[in-house]
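Pasting a structure here, questions to come.
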Amino acid sequence: MKFFTALAAVGALLAPALALPTPASEEASHNQTLSVRLVPAGHTMVRAIVTNNGERPLHLLSFNTILDEDPTSKVEVFHESGDEAEFLGMLPRYDLSDLTEDLFTRLAPKDSVEHLFDIATVHDLKWDGKYTLAARGAIPVAEDGGTTIIDHVYYESNELDMEIDARKAAMVPRAFDDYFSKSLDKRRPLDICNPRKERDLRAALEGAQQVAKEAAAAAQNNTEKVFEFFRARDPGTRKEVSQHLSSISRAATKDGSSVTWFCSDGPGRCGPRTIAYTFPAKNEVHPCPLFWQMPHVNNKCHRQDRVGTVIHEGAHNPSVVTPYCKDLGYGYNRATGLTSQRAKRNADNYALFAMARQLVFCLLHLFVALPFIYIFASF
């Protein structure tokens, strides 16, 4: 592990000034500002009633939350046997920069908004009997009338029990039935990859392979860095994080990977803010137009780029990480505020941890102008 002596000295001098508040854990942040109530709405239909219990308006961003309009995971679904229903939807990574007003929902104090969805469209309800549903997460919040994320409000719903007839549930059209009905061999010819995209994708995979490999080694030794991103210092956590990053590194290749890395949006699910998305049920990753517009590596602190996106999406695949990682929190502040168990299940924690070798540069550029130096500091 390398450090530049001069940088270490400067870092020591600046440490008191740069001390950042430790993000509050999500348990400590539950203040009932936002409540979510799940109610049955007909066989496999669910109505989520989201209420602002606070005294101020909430400006809520819906990405990867109970309010998301995409066929994403909104609730956890468990059969009475204890088995979790397989998720058949998409896990998208959204662009969180330059957000616009239309992406937010304004919720005045004591007001509610309802969101209706059918769990059968994205879950395999193959068993008859009782299913238990619950939603838990955090919704990014901007200032009222603004679009800059300043905080998150946490929610934890009631548990909803539903009696489901598997035969009837199977009659509900699933979100990606048309696409999944084709074999992988038939889907691949539709994946048009021009020379530039082929080059950029391979470069992103190779970059992610190297970065994840280095991060896996760092996780075994850098206790404080592991604590920063995964909220635990014990050897078991360091080993688990290291193993997951090693698996992501091995999967980051177009040749012989357990993940199919596509060049195009075959299913047609790229929205204007979607960078890429994964089908965990198929171990497939699809990039969106935004992916190609991003830098290979972003030289700004904790910002999104192609290499980090490959690591993030790699963590979503069950052939790489078991159980696969979900989207429980986006961005540095939210990801580092998760509990240890949830941080280890969150894709962004692995991407942020792996890309954090740029952290020294991120801190120093606040105080020192270094226009001609691009610093990469290993953990």
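Just so it is clear, glycine is given a Cβ too, placed from its N, Cα and C backbone atoms.
Pasting the feature list from Swiss-Prot:
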- GLU313: active site (ACT_SITE)
- HIS312, HIS316, ASP327: Zn(2+) binding site (BINDING)
- CYS193-CYS263: disulfide bond (DISULFID)
- CYS270-CYS288: disulfide bond (DISULFID)
- ASN221: N-linked glycosylation site (CARBOHYD)
- 1-19: signal peptide (SIGNAL)
Once near-sequence residues are set aside, which residues in the chain of HIS312 (Zn(2+) binding site), 6 or more away, have Cβ atoms under 8 Å from its Cβ?
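Same-chain residues close to HIS312 (Zn(2+) binding site) (Cβ under 8 Å, separated by 6 or more) are ARG93, ALA347, ASP348, TYR350, ALA351.
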Can you tell me which of the recorded positions GLU313, HIS316, ASP327 is spatially closest to CYS288 (disulfide bond)? Compare CA atoms only.
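So, spelling it out, the nearest of the recorded positions is GLU313.
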Sequence gap of 6 or more, C-beta under 8 Å: which same-chain residues meet both conditions with respect to HIS316 (Zn(2+) binding site)?
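Correct list: LEU91, THR278, PRO280, VAL285, TYR324, CYS325, LYS326, ALA347.
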Counting Cβ neighbours within 10 Å across all chains shown, tell me which of the recorded positions GLU313, ASP327 comes out on top.
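Of the recorded positions GLU313, ASP327, the highest Cβ count within 10 Å belongs to GLU313.
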For each of the disulfide-bonded residues (CYS263, CYS270, CYS288), count the other CB atoms lying within 10 A of its CB, then report the residue with the highest count.
CYS288
Whose Cβ lies within 8 Å of the mean position of the Cβ atoms of HIS312, HIS316, ASP327, the Zn(2+) site, other than those residues?
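Checked against the 8 Å cutoff, the neighbours are LEU91, ARG93, THR278, GLU313, ALA315, CYS325, LYS326, ASN346, ALA347, ASP348, ALA351.
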Between the Cα atoms of CYS270 (disulfide bond) and ASN221 (N-linked glycosylation site), find the distance and write it as a whole number of Å.
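The Cα atom of CYS270 (disulfide bond) is 39 Å away from the Cα atom of ASN221 (N-linked glycosylation site).
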Within a 10 Å radius around the Cβ, which one of these recorded positions has the most neighbouring Cβ atoms: CYS193, ASN221?
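Top count of Cβ atoms within 10 Å goes to CYS193.
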Going by C-alpha distance, which of the recorded positions ASN221, GLU313, ASP327 is nearest to CYS193 (disulfide bond)?
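Checked the recorded positions ASN221, GLU313, ASP327; minimum Cα distance to CYS193 (disulfide bond) goes to GLU313.
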For ASN221 (N-linked glycosylation site), name the DSSP secondary structure in the helix/strand/coil scheme.
helix
I need the nearest neighbour of CYS263 (disulfide bond) among the recorded positions ASN221, GLU313, ASP327, using C-alpha distances.
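With Cα distances computed to CYS263 (disulfide bond), the winner among ASN221, GLU313, ASP327 is GLU313.
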